[in-house]
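So that you can see what the record holds, here are the features copied from Swiss-Prot:
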- 80, 111: anthranilate 1 binding site (BINDING)
- 80, 83-84, 88, 90-93, 108-116, 120: 5-phospho-alpha-D-ribose 1-diphosphate binding site (BINDING)
- 92, 230: Mg(2+) 1 binding site (BINDING)
- 166: anthranilate 2 binding site (BINDING)
- 229, 230: Mg(2+) 2 binding site (BINDING)
């Protein structure tokens, strides 16, 4: 479809089919549309609200242009949509280390900060992890440690085509929805934190159509008007579980899993160096209990969707064991040490 045809269809309030959206996104990624046209398309899609077919079409386009990486298909991604503006520390990154210490393979897809002070890539760098490790070295890191961080700009170079337009628009677009569902390793097991509960059903349908094996979509309450793209230790958490082709809805409280109920302010983070120190303190057991509980909750769900735990309670036991035995701390140190060694090896090979 030509740019004008897509614009006219969206102006009239019509949805695009999966194929139309994939074709449209291909044109955007390949700079075949004008900047003004691309901006208008993104704004109109946002005003209308993206359908599952449109999201799947956009995903198909971006994934087809992504840099491939081969990891264990049982690996789990822990990520969130961002956008909650609560200023919490990097809960899902801390949880990834705890779960990995419990023997769960992790393939975390992430980026630098967009809506927060500190994205997953930022905090990993502050911990000493080189996020731009080439895919072949990342595969080796995963084989040695069971952990890989997939830095979005490295694996999705086509996204650069819209970076300036997105920044100039200054509004949420369909691209804000795509991060959690375009993991370049093609993971089938995920914990996805969703800031906007109105899009949870869209994510659920997209994940099922994309062949998800076991995933949990979570939206946490903070006890006030703010929401979290994390499971919450501040109030109830709404969950949509996707397992064996079924959609199951839950609402849970932190007390259901032996966790405390905390004020959102007790989960506050800061810049990348502050958040890196928080993660170290969680893993060595010296952090305030509120922060430990938040990381344990996300790790417990990660263990559950991995298949290693039969329920979240069992995932909690595995996660607590990972902390208490220092397996999580040892695993993080091993991951960073191995990452640095492989990065140095790659640098030496190019000199």
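Placed from the backbone N, Cα and C atoms, the Cβ positions cover glycine too.
Positions of the features from Swiss-Prot, shown on the structure.
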| residue | record | Cβ within 10 Å |
| --- | --- | --- |
| 80 | anthranilate 1 binding site | 25 |
| 88 | 5-phospho-alpha-D-ribose 1-diphosphate binding site | 26 |
| 92 | 5-phospho-alpha-D-ribose 1-diphosphate binding site | 24 |
| 109 | 5-phospho-alpha-D-ribose 1-diphosphate binding site | 24 |
| 111 | anthranilate 1 binding site | 20 |
| 112 | 5-phospho-alpha-D-ribose 1-diphosphate binding site | 17 |
| 166 | anthranilate 2 binding site | 18 |
| 229 | Mg(2+) 2 binding site | 25 |
| 230 | Mg(2+) 1 binding site | 31 |
What Cα-Cα separation, expressed in whole Å, is found between residue 88 (5-phospho-alpha-D-ribose 1-diphosphate binding site) and residue 230 (Mg(2+) 1 binding site)? 10
Within 10 Å of residue 230 (Mg(2+) 1 binding site), Cα to Cα, which of the binding-site residues 92, 109, 111, 112, 166 are there? 92
Whole-number answer please: how many Å between the C-alpha atoms of residue 229 (Mg(2+) 2 binding site) and residue 80 (anthranilate 1 binding site)? 6
Assigned conformation of residue 109 (5-phospho-alpha-D-ribose 1-diphosphate binding site) - DSSP reduced to three states: strand
How many Å separate the Cα atoms of residue 92 (5-phospho-alpha-D-ribose 1-diphosphate binding site) and the residue listed as 'anthranilate 2 binding site'? 25
Distance, the residue listed as 'anthranilate 2 binding site' to residue 112 (5-phospho-alpha-D-ribose 1-diphosphate binding site) (CA atoms, angstrom): 15
